[in-house]
Amino acid sequence: MALSWRSWLANEGSKHLFLFFWLSLNVWLFGKTFLLYNQGLQYYYLHQMLGLGLCISRASASVLNLNCCLVLLPMCRVLLAFLRGSQKVASKKTRRLLDKSKTFHVTCGVTICIFSVLHVAAHLVNALNFSENYNEEFVTLNAANYRGEDPRKLLFATVPGLTGVIMVLVLFLMCTASTYAIRVSNYDIFWYTHNLFFVFYMLLMLHVSGGVLKYQTNLEEHPPGCFNPNKTLRQNLTVPKSFEELFPDYTTEPFPEDPPVPEPFVQNSFMRVCSEEPKFQSHFPETWFWISGPLCLYCVERLYRYIRSNKPVTITSVISHPSNVLEVRMVKDDFEARPGQYVILHCPRVSALESHPFTLTMCPTDTKATFGVHLKVVGDWTERFRDLLLLHSNQDTEILPIFQQRRYPKLYVDGPFGSPFEESLNYEVSLCVAGGIGVTPFASVLNTLLDGWKCYKLRRLYFIWVCRDIESFCWFADLLCMLHNKLWQENRPDYINIQLYLSQTDGIQKIIGEKYQALNSRLLIGRPRWKLLFDDIAKCNRRKTIGVFCCGPNKISKILHKLSNSSNSYGTRFEYNKESFS
């Protein structure tokens, strides 16, 4: 399968180039800071005491500052949704980069973990060197109180050391709970541990305020390695015994013939004379400059989201669909959303702290204020939520009128937030592939087209839906039939190409109901032959750019991603997009 470099650049190239740039930026920052502390005159005496441990600890700290600063920005969902929906970002390629916000967040997180290990290792060496290389001449420069002090005291009995140890434990919990296995098996663990980030940032504020590492402030008066005549005379001048009583501080040791002079600090073949002792001062915590802005931005956004979602929604109906899928329809004042967006649901009676994202399957319009979500009951949260919504087991399939809604629990909606599927209406041709419940992002798109399709750029939609059981198609069978009939009445039957695939079956099946005859004619047994499907679409849409949108299992996603990067003989280019809650 030949690789199309143009398609690769559109689908993956920008991401890979950005990740390469980000890696290069971190390496450059690490190297620049390393050289500063290795060669800077103001760190000469500290470097003599700590060696490379100083350079590595400070260089890794600079990288950590940068990543701790930017790791929060991808989590500013309101900001990303605003940029996507406004005219500030007119370029489609730039908007597609916003869809990589989760990838950027993970990249920053992994970078923080790697350089934290390096930072901790360097400071362990520094603690040992502070103890072994205690210098009585520079008391203020020492972190230890005396030579041979137990280095563990520096780690557990000081503010920088103790906060650093706790931060390592918090970071370890957050990283291990973020692995795919834990997120899939127990999402609650991931959610609760990830919210420890606030504790991490508070500890980080305290960690950098200790001022353990100091720099020299009087380089003009005391160049490193300079000759101090007052100190040298007192130490090395030989005086008569008759003056020893008058000058008891003088010693009779001989003057050294070759005083040690550091090579980098000898200028013009003579040694400079210093006029005073070196003075040392702690750095102002630079970390505060790095993280205060993004942290305040994130906190302001969280406050805005809390105020916006503080009023509960009115649940108008609850429908239990086959295959453990629940549909919830709601109304909320001044709620606006675009097709493809998602919201975050929070039900205090289910969990006081926990909330989960769900894609909108129905968006409010000018004529109706109702919006809704479909959720699959697969975990503890969704099970408890279903039990609270369904009043009686015999009412599972009923749509209850509003005056009977008194027993519904309070439900809060945060959002909406942007997703890649907002772009599906901005292509002339789009290919939408759904696996099982992954059809939800496309349901809002289909509902929007049902209200009117002429105002959008989209002129042809390929809709592929793969399910394991025949009952799953009933979730949106009515919607598909209504859209199909509407387009036929408007003499545009070619606007949408519907293909339904039943991947697991014992024999020929069909969707029960006379009104679903149009869907039964498009129901196929087995799995799609993706290569032939892409070739057929490319042939019918020569020299066009087709948006590929996928929400489903990773196996299907990888196949579509690979095919989107492949070349074809028709000059058709495929741009791949995948659902990813940030």
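Backbone N, Cα and C atoms are what each Cβ position is placed from, and that goes for glycine too.
Values in this document were obtained by computation on a predicted structure and should not be read as measured data.
TrEMBL lists 20-39 (among others) with the feature transmembrane segment.
Sequence-distant contacts of the transmembrane segment (59-83) (same chain, six or more residues past either end, CB-CB distance under 8 Å): 25-26, 29-34, 37, 89, 95, 98, 101-102, 104-105, 108-109, 111-112, 115-116, 118-119, 122, 201, 204, 286-287, 290-291, 293-295, 297-298, 301, 304-305, 341, 415-418, 582. Here TrEMBL flags 59-83 (among others) as transmembrane segment.
Feature annotation from TrEMBL assigns transmembrane segment to 104-125 (among others). With a cut-off of 8 Å between Cβ atoms, the residues of this chain six or more beyond the transmembrane segment (104-125) that come close are 18-19, 22, 26, 30, 50-54, 56-57, 60-61, 63-64, 67-68, 70-71, 74-75, 151, 155, 164, 168, 171, 175, 178, 582.
What TrEMBL lists as transmembrane segment is 154-177 (among others).
Sequence-distant contacts of the transmembrane segment (189-208), counting only residues of its own chain at least 6 positions beyond either end whose CB sits under 8 Å from a CB of the stretch, comprise 68, 159-160, 163-164, 166-167, 170-171, 173-174, 177-178, 182-183, 285-288, 291, 295, 353-354. Residues or ranges marked as transmembrane segment in TrEMBL: 189-208 (among others).
Residues annotated as domain 'FAD-binding FR-type' in TrEMBL: 308-423.
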Whole-number mean of pLDDT values that fall within the domain 'FAD-binding FR-type' (308-423): 82
